[in-house]
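Peer 1: Following this message is one structure expressed as structure tokens.
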Amino acid sequence: MSNKNIYLPYLMRIEKITDEAPGVKTFRLAFEDKAEGEAFNFRAGQFAEYSAFGEGECTFCIASPPTRRGYVECTFRRAGRVTTGLAKLEEGDTMGFRGPFGNSFPIEQWQGKNLLFVAGGIALPPMRCVIENALDMREKFKDITIIYGAKSVGDLVYKEKLKEWEARPDVNMVTTVDPGGETPDWKGKVGFTPTVLEQVAPSSDNTVAVVCGPPVMIKFSFPVLEKLGFKDTDIYTTLENRMKCGLGKCGRCNVGKMYVCKDGPVFTKAQLNGLPPEY
Amino acid sequence: MENLHITNGQLAQWLDDMRRDGLRIFAPVAQGGKTDFKFLAEGDTVAEDYVQTAQSAKRIVLPMAEVLFSYRKHGKDIEVANPGTDRFNDTIIWKARPCDARAMRQVAEVFTRDYDDAIFEARRSHTTIVAFSCNTCDDCCFCTSVGGSPGGTEGSDILVTTLTDGGGALVEVLTPKGEGLAAKYLAGAARADGIDKQAHLADVRVLFSADEVRAKLDGAFDSPVWQEQSERCLGCGACAFVCPVCTCFDIQEDAHGARGRRIRCWDSCGFSMFTQHTSGHNPRPTQAARWRQRILHKFSYIPEKLGEAGCTGCGRCSRACPVDMNISEHLKAIAGHE
């Protein structure tokens, strides 16, 4: 029996705040206790509970990759009570962090394969971790394709990173905005993400696909991938069920025989096929 | 561990002695038209004629609200205070029903698997359960349909079976904790000899087979039965709050100015907010979907993990439901559903 209080967060100092899009911010967090920070490890795809003291906790994936040590980053949209509380914080303020929780992307098993990332809107942050993790060991993979879509040009997050990935000769970066979301000088594609995925038509041969986005985007992207010949065991996503504890105890994220916080959040489409559609 | 046979006088004396020693005793007391557990205070009489308490004894190990930690803001800094686990006192749950004692094991399973919850563990280690077998039952009881018994010993430190012929009580000492208590308060008690415990137990009818229910549930996700059964459900969550097995919780913030506390509170899968995302998307958007989750979790998902239903047949949910949803009736209907 351990005497550790599993609900107690690490205290984190906000080192840097980046405005990504309207209502969307990225925080770079450093551990108050340096020893805790040095001992901290995680894997791409894992998530954490972030505290705004006075408001509560909320759940996001860790957005920075485990290959870049000394800090963690999270990106969130101001939407409810806790994210509004977080959004009010300033550089130098203290917040809480509990994690890492859940499973991760089996990135070691993907070595020698092509990688296809399909993300929509605010779902690029959970995918950024695995994208950058893969880019930090670029030689282990074959082609890397990233298809990212948002409602409008203003809603695209990580604008600097998008430019950086676009400039890389070893990344096929496709950016799109929903019809009507383009600006006069927009150089990317116009169309819903699943439609653009169909146009780009990446080969399914020796390829793993990772899809993250709002439920509607996922719903329409899966059939496209199927048409392109992807097997359900080669399609990955991360579920975003409401959570409180992150420890498989509070019961909130229970879907069928799984707890998303413990057995997920990363699932293959083959695994989702065996779950009730409660996500 | 041995079985003792004590007189009615010795049984009364046992409780009196513990009260005189100032032990914290959580026992059923009749108050305000209902019988419920409370910490015995001077003048309280332990209830005799009742079938089931309104609430289970679960809250001794899992209180309705538990402070997980507190904090104070100093400008840009936060000072966190961990309440620790040395603040709990020994507690005796007196006269728990075997269904409640059995439920404690499942509650413990949730809080000790994967990540040990030190607060829960400390509370549990300070708790001794003296359960009493049931001599009577009512129409809501169904422990025998879910693998339990009115005289079941599982989860108890001591099980007392009062003998219906007035000949005292059989005391089964079941754990080292129980032995400690018996050594102190029942020293010199006679060894039990030739008592037919079964003859003194309530006759709880078997209403359905939990295995049959489980087998039916495997293909029942899209069944119309959920809508039919939950049509009148108010989503009030009373069933979860009185349940000795339910452990789902919320984590809430109680903050005033620079000070605050993070608190674990009971919650229910029957509440519409339980799974609702901030975006408004709700994976279980209807009461029918939430009722289905309650039944599937208890009678399909938990059995797959633990080999037994997440229900001990105490019948409290049926007694507490304001719209008379009777769980055993519903389970019978599921078992018989084609």
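Positions of Cβ are set from backbone N, Cα and C atoms, glycine also.
Residues annotated as [2Fe-2S] cluster binding site in TrEMBL: A:Cys245, A:Cys250, A:Cys253, A:Cys261. Under the heading domain 'FAD-binding FR-type', TrEMBL lists A:7-107.
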Peer 1: Which residues, in sequence order, are found in the same chain with Cβ within 8 Å of the centroid defined by the Cβ atoms of A:Cys245, A:Cys250, A:Cys253, A:Cys261 at the [2Fe-2S] cluster site, excluding those residues themselves?
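Peer 2: Not counting the recorded site residues, we get A:Met243, A:Lys244, A:Gly246, A:Leu247, A:Gly248, A:Lys249, A:Gly251, A:Arg252, A:Tyr259, A:Val260, A:Lys262.
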Peer 1: By DSSP, how many residues in the domain 'FAD-binding FR-type' (A:7-107) are helix, how many strand, and how many coil?
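Peer 2: Looking at the domain 'FAD-binding FR-type' (A:7-107) with DSSP, the answer is 14 helix, 46 strand, 41 coil.
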Peer 1: Counting every protein chain present, what is the number of Cβ atoms, excluding its own, within 10 Å of the Cβ of A:Cys261 ([2Fe-2S] cluster binding site)?
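Peer 2: A:Cys261 ([2Fe-2S] cluster binding site) is surrounded by 26 other Cβ atoms within 10 Å.
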Peer 1: Just going by other Cβ atoms within 10 Å, which of the binding-site residues A:Cys245, A:Cys250, A:Cys253 has the emptiest spot?
Peer 2: A:Cys250
Peer 1: Helix, strand or coil at A:Cys261 ([2Fe-2S] cluster binding site), per DSSP?
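Peer 2: The residue in question, A:Cys261 ([2Fe-2S] cluster binding site), is helix (DSSP, three-state).
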